[in-house]
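Chemist: Residues or ranges marked as ATP binding site by TrEMBL: 345, 346, 347, 348, 349. What TrEMBL records for 334-537 is domain 'AAA+ ATPase'.
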Ligand SMILES: Nc1ncnc2c1ncn2[C@@H]1O[C@H](COP(=O)(O)OP(=O)(O)OP(=O)(O)O)[C@@H](O)[C@H]1O
């Protein structure tokens with residue numbers, strides 16, 4: 001193996017840890033390539049490896065191992081200390097440190113910590129701690145990264161583990177590489193490969209427990225279950241453990257059972273052969289406990305005064321509420337908890353509006369709050385009611401991994417709480433919300449149970465209805481039923497009837513096409529046509545049931561971008577690995593970001609690329625995205641929270657709506673042909689709905705009403721608690 005030392009003069013390509021760069025040695029400029037983490041232009045570097053001649057790219061040096069040579073001369077030391085790697089240290093402080101501590105400054109700081117910096121001019125206690133921390137972590141990280149690289153643990157993973165375990169990172173990982181799955185860095189099978197390279201025994205308890213957890217979590221977070229039957233969990237785990245790289249029957253049933261027993265004390269709860277991740281068990285139990293207490297309590301108010309108020313409202317607004325709507329208002333004022341459910345256009349928002357107006361008349365001075373699970377849904381709720389509305393997260397002050405601001409010992413100051421789009425709320429969010437509700441607060445859950453269930457575990461709305469929580473179902477369809485076919489067809493789909501078309505009306509189009517590739521092309525053409533007609537990009541929702549495949553969102557996004565926002569010389573772009581973001585691109589946020597107050601499913605448009613300063617005062621590149629007039633900055637690393645948003649999955653579109661909705665219907669995504677998917681997509685359309693595909697595929701979807709059952713005991717607990 002050869003050794004080369006020099007400084008980086010240019011970076012030619014970088015993706016994650018993989019780098020191609022030019023290294024200037026004393027003799028010549030050499031193209032180097034390999035997994036080199038966090039190196040920037042001008043930095044000194046020593047690489048170990050060998051030369052090879054690439055057919056296309058010629059002679060280059062393949063790096064097996066690398067290190068940042070410790071600065072030797074005083075000047076090198078000053079440059080290192082003043083670099084962005086060392087926080088809190090500018091050039092002035094670096095010069096003072098080197099003149100105070102001499103050429104062994106780094107090892108002195110590493111060994112003695114911040115105390116050796118306290119006598120240096122211009123360095124106070126806080127700055128000394130910052131500098132000492134940075135020196136320690138920079139040196140340690142380099143050591144850790146190089147030690148772990150040989151096992152296939154990338155620098156990014158090593159850094160994350162370092163953050164969690166500090167100097168113990170290598171020891172921890174060598175003993176239990178499955179912590180990489182705990183930290184959500186890789187899945188079980190990749191961790192298992194790494195474990196094999198490290199030499200972990202296939203019968204290791206860590207391996208068994210990691211696999212049990214992986215199977216259980218997959219079932220809860222991908223299929224939405226709250227628990228798994230113990231036998232099924234054991235069977236599925238045995239299959240993975242015994243077939244992945246090690247051959248059959250390496251793990252016995254007894255060892256698996258032991259694994260479960262070990263976990264029982266730490267991370268799972270077993271109740272009558274049902275295995276729950278502990279936190280989900282506690283969410284379900286606490287939610288049931290709190291809900292059943294609420295269900296029981298009753299309020300009594302003057303009903304005659306209520307009836308008078310309803311009559312007054314009807315007269316003022318020229319509306320006659322139907323029996324169910326009137327009943328909903330009565331019920332909520334009589335009880336503490338009510339569910340209002342119904343399909344599109346059945347008057348749910350009308351009930352909310354009436355309820356707010358009457359409640360205000362009856363209880364002036366009381367506080368009313370309106371919330372929904374996503375930013376998109378809460379904006380829609382505010383628009384429909386003309387009242388302020390927020391996300392549930394914002395209402396309760398929820399931050400990832402922290403206790404919400406409002407909880408069981410600090411209740412929300414609110415008298416009437418209305419929660420819209422309840423079908424999207426999973427058990428975790430539902431419990432956090434319910435715990436924060438005061439025993440005197442009235443709660444109205446509004447939702448449509450025929451839409452897709454929550455992305456997260458549980459089926460809260462359905463379970464509550466099943467358990468007998470007071471529910472009013474609105475069945476009469478008011479809106480558009482006569483004039484528009486969208487609502488009419490949505491209700492037909494929901495009842496398992498095929499779609500009907502009236503060519504005279506121009507709000508529901510079906511474009512027949514069999515070939516999936518042509519369907520994709522037609523979706524793009526139709527979207528472009530609507531733009532030509534004067535609609536805005538934000539008016540158009542192109543939805544697909546899936547990400548992959550010929551009509552999946554991935555391909556559609558690329559095709560739509562090329563058509564609707566093609567590249568030109570002046571449009572700036574950011575290239576990050578294989579992905580790139582272009583000025584004017586429509587993007588979607590993929591996860592909740594509480595700091596930015598941007599939530600999973602929010603869509604925006606890229607408005608520019610600029611520079612900002614980070615917490616340490618360093619200049620960083622940022623990309624600006626406009627979300628409904630709110631401008632949010634993303635660093636390059638943060639763009640992993642974004643995807644192109646020209647086409648999004650139906651799941652991500654829940655809770656939102658747009659004037660135009662376009663969807664494909666093809667048997668090529670046979671697995672995804674389900675009634676609640678089509679129904680959810682259709683109910684997003686306000687003005688025009690375009691389906692492109694075959695009637696056969698559409699009818700298969702409409703006929704498929706097999707809603708995958710989710711394992712949950714919320715209904716059972718609620719019923720038991722109440723009886
Ligand atoms: N009792 C009623 N009499 C006449 N019109 C009504 C009545 N209730 C509601 N409407 C009208 O029906 C339309 C749909 O009502 P609303 O928006 O309340 O339904 P929704 O269930 O909230 O619909 P979506 O879920 O699709 O948003 C509105 O135009 C509303 O004014």
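Using the three backbone atoms N, Cα and C, a Cβ is placed for every residue, glycine included.
On this model, are these features tucked inside or out on the surface, and what's nearby?
Modeler: Over all protein chains present, the Cβ of residue 345 (ATP binding site) has 22 other Cβ atoms lying within 10 Å.
On the 0 to 100 pLDDT scale, the domain 'AAA+ ATPase' (334-537) averages 91 in the predicted structure.
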Chemist: Let me spell it out: for each of the binding-site residues (346, 349), count the other Cβ atoms within 10 Å of that residue's Cβ, using every protein chain shown. Which one has the most?
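Modeler: When each Cβ's neighbours within 10 Å are tallied, 346 tops the list.
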